[in-house]
Amino acid sequence: MTNQFPGYFISFEGIDGAGKSTHLDAFRALLQERFPHQEVILTREPGGTALGEKLRSLLLDSPMNIETEALLMFAARREHIAQVIEPALSSGKIVISDRFTDASFAYQGGGRGLSLNKLNALESWVQTMPNGQLLQPNLTILFDLPGSIAESRRSQVRTPDKFEKMDLSFFEKVRQEYLRRAQLDPQRFYLIDATQTKEHIWNLLKAIEINPA
Ligand SMILES: Nc1ncnc2c1ncn2[C@@H]1O[C@H](COP(=O)(O)OP(=O)(O)O)[C@@H](O)[C@H]1O
Ligand SMILES: Cc1cn([C@H]2C[C@H](O)[C@@H](COP(=O)(O)OP(=O)(O)O)O2)c(=O)[nH]c1=O
């Protein structure tokens, strides 16, 4: 179910190194130019609030039990929705989030093997809005890339965090779960073949039709 607010909610997803960050700032600026009367905000998960950023540091650095990891991801998300996303969407803003709940299904579910039932329960607990509807992005842009290419891109540019230290088979499972979710909800997902050049991907992003209220 799509969101029930006057604003418009977009998430960027993909395995680490797929190329999301490369385009996020420019995409925000593009939408702001296109929709000058609606503020476009860029935020991220885990994070997006003071508490969420503290939880992010723990999540990206400290080893922990899988359930704890999922609970903290969703705790950060609850705060993010309450403090940032819901108020922004209620006042008609366009929100772009660098990751949202699909990442939990892909990383904690696909990657780590946490059950779909537990993730569905957390999603429903955290994202059910006062009118009973589930908050979901209107549009999810999924950067799809084989794990081996993402790994080689990452290794050239950054020191790996806890997730980025995981092996190739982990990222292949994460990728497959993203793809499975995209297949289940083709109306919401826009799939990008992230093996293409940055320029080509930017042209695809520019061509995506976005119709906020
Ligand atoms: N289409 C692309 N082709 C080749 N390299 C890319 C492409 N997109 C991004 N990169 C490079 O790959 C690395 C990881 O990209 P980044 O945007 O940080 O990924 P993410 O945010 O998805 O983890 C960066 O060095 C970036 O310049
Ligand atoms: C939102 C979210 C992120 N993650 C992971 C994916 C990433 O490895 C990490 C942080 O994401 P990200 O901000 O994309 O990392 P970076 O800035 O290094 O590109 O958190 C989860 O495992 N579950 C979640 O629900």
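Along the chain as shown, residues are numbered 1 onward.
Here the Cβ of each residue, glycine as well, is placed from N, Cα and C on the backbone.
Automated prediction, rather than curation, is the source of TrEMBL annotations.
The domain 'Thymidylate kinase-like' feature in TrEMBL is assigned to 12-201. Per TrEMBL, the feature ATP binding site maps to Gly14, Ile15, Asp16, Gly17, Ala18, Gly19, Lys20, Ser21.
Positions of TrEMBL features highlighted on the structure.
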residue : record           : Cβ contacts under 8 Å, 6 or more apart
Gly14   : ATP binding site : Lys20, Leu142, Phe143, Asp144, Leu145, Tyr178, Ala194
Ile15   : ATP binding site : Ala106, Leu145, Gly147, Ala150, Phe171, Val174, Arg175, Tyr178
Asp16   : ATP binding site : Ala150, Arg154, Phe163, Glu164, Phe171
Gly17   : ATP binding site : Leu145, Ile149, Ala150, Glu151, Arg153, Arg154, Glu164
Ala18   : ATP binding site : Phe143, Asp144, Leu145, Ala150, Ala194
Gly19   : ATP binding site : Phe143, Leu145, Arg153, Ala194, Lys198, Ile201
Ser21   : ATP binding site : Asp98
Close-lying binding-site residues around ligand 1 among Ile15, Ala18, Gly19, where CB distance stays under 6 Å: Ala18, Gly19
CB contacts for Lys20 (ATP binding site) [other CB atoms within 10 A, all chains]: 22
Contacting binding-site residues, sequence order - Gly14, Ile15, Asp16, Gly17, Ala18, Gly19 vs ligand 2, Cβ under 6 Å: Asp16
Any further residue of that chain within 8 Å (Cβ to the Cβ centroid of Gly14, Ile15, Asp16, Gly17, Ala18, Gly19, Lys20, Ser21) of the recorded ATP site: Phe143, Leu145, Ala150, Ala194
Mean of the pLDDT scores, which run from 0 to 100, over the domain 'Thymidylate kinase-like' (12-201): 97
